[in-house]
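A short worksheet on the structure shown next.
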Amino acid sequence: MNFQGKVVLITGAGSGIGKKAAVMFAERGAKVAINDISEEKGKETVELIKSMGGEAAFIFGDVAKDAEQIVKKTVETFGRLDILVNNAGIVPYGNIEETSEEDFDKTMAVNVKGPFLLSKYAVEQMKKQGGGVIVNVSSEAGLIGIPRRCVYSVSKAALLGLTRSLAVDYVDYGIRVNAVCPGTTQSEGLMARVKASPNPEELLKKMTSRIPMKRLGKEEEIAFAILFAACDEAGFMTGSIINIDGGSTAV
């Protein structure tokens, strides 16, 4: 996969899957706009890419509030926008009784409104250029029920609806839209939660027990799927949902 000359905007790229994807895009020639709500983490990703000889810039912004400015700044910095990766998201825990209206509003703002508006402004730019790609990072929770992930599941299912709708609406403009659905992934955030638990070994065992492969996913495995969904070699793929979950949604 070659992304030479492509400009990629990745939200939530200060850590985790977003950071890994940013590095992998840069390794393959892309210019990467790193968006994150944490200036410190976002700039760390930028410096990492630059240390490898790649090209990147930090674009500060809250996806729920600053979508138009995030896209505008990316285009001002690099002159165009070829690929948007809607990766930023939050993971609240709780069933419907444990979920407040405030929790619902915040989750939907970050996980749905943000990608919706970013896609809206990205599409406007991509139409001018003659095409582009949007990749939405959803979740296995958007496909199956997972205990105490109520509003998270709602938000990630909504992202799949957005993916299919955009794919149909903009196919004639050369814009492809796909989604990836990661399973439980060995990210910085998850492992911090495991280590902070009363019994880390038991929690990890519980997490992997429901996965047919009996292990957690790796950040690079999810990032690779994002790159594939965005690459020119996947030019006939749009409106597709890619599961990377060790078989969890197959049982």
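Placed from the backbone N, Cα and C atoms, the Cβ positions cover glycine too.
These numbers come from a predicted model, not from an experiment.
Look at Swiss-Prot and you will find TYR152 tagged as active site, proton acceptor, backed by sequence analysis. Marked as NADP(+) binding site by Swiss-Prot on the basis of similarity to another entry: 10-34. According to Swiss-Prot, the substrate binding site annotation covers SER139.
TYR152 (active site, proton acceptor) counts 23 other C-beta atoms within 10 Å of its own C-beta, drawing on all protein chains shown. Annotation note: GLY18 (NADP(+) binding site) sits in a helical segment as assigned by DSSP. Of the listed binding-site residues, namely ILE10, ALA22, ALA26, ALA30, the sparsest CB environment within 10 A is found at ALA26. Proximity note: of the listed binding-site residues (GLY14, GLY18, ALA22, ALA26, ALA30, ILE34), none has a CA within 10 Å of the CA of the residue listed as 'substrate binding site'.
On a Cα basis, the residue listed as 'active site, proton acceptor' lies 30 Å away from ALA26 (NADP(+) binding site). For the binding-site residues listed here (GLY14, GLY18), the lowest count of other CB atoms within 10 A around the CB belongs to GLY14. ALA26 (NADP(+) binding site) carries a helical DSSP state (H, G or I). Under the DSSP three-state reduction, TYR152 (active site, proton acceptor) is assigned to helix.
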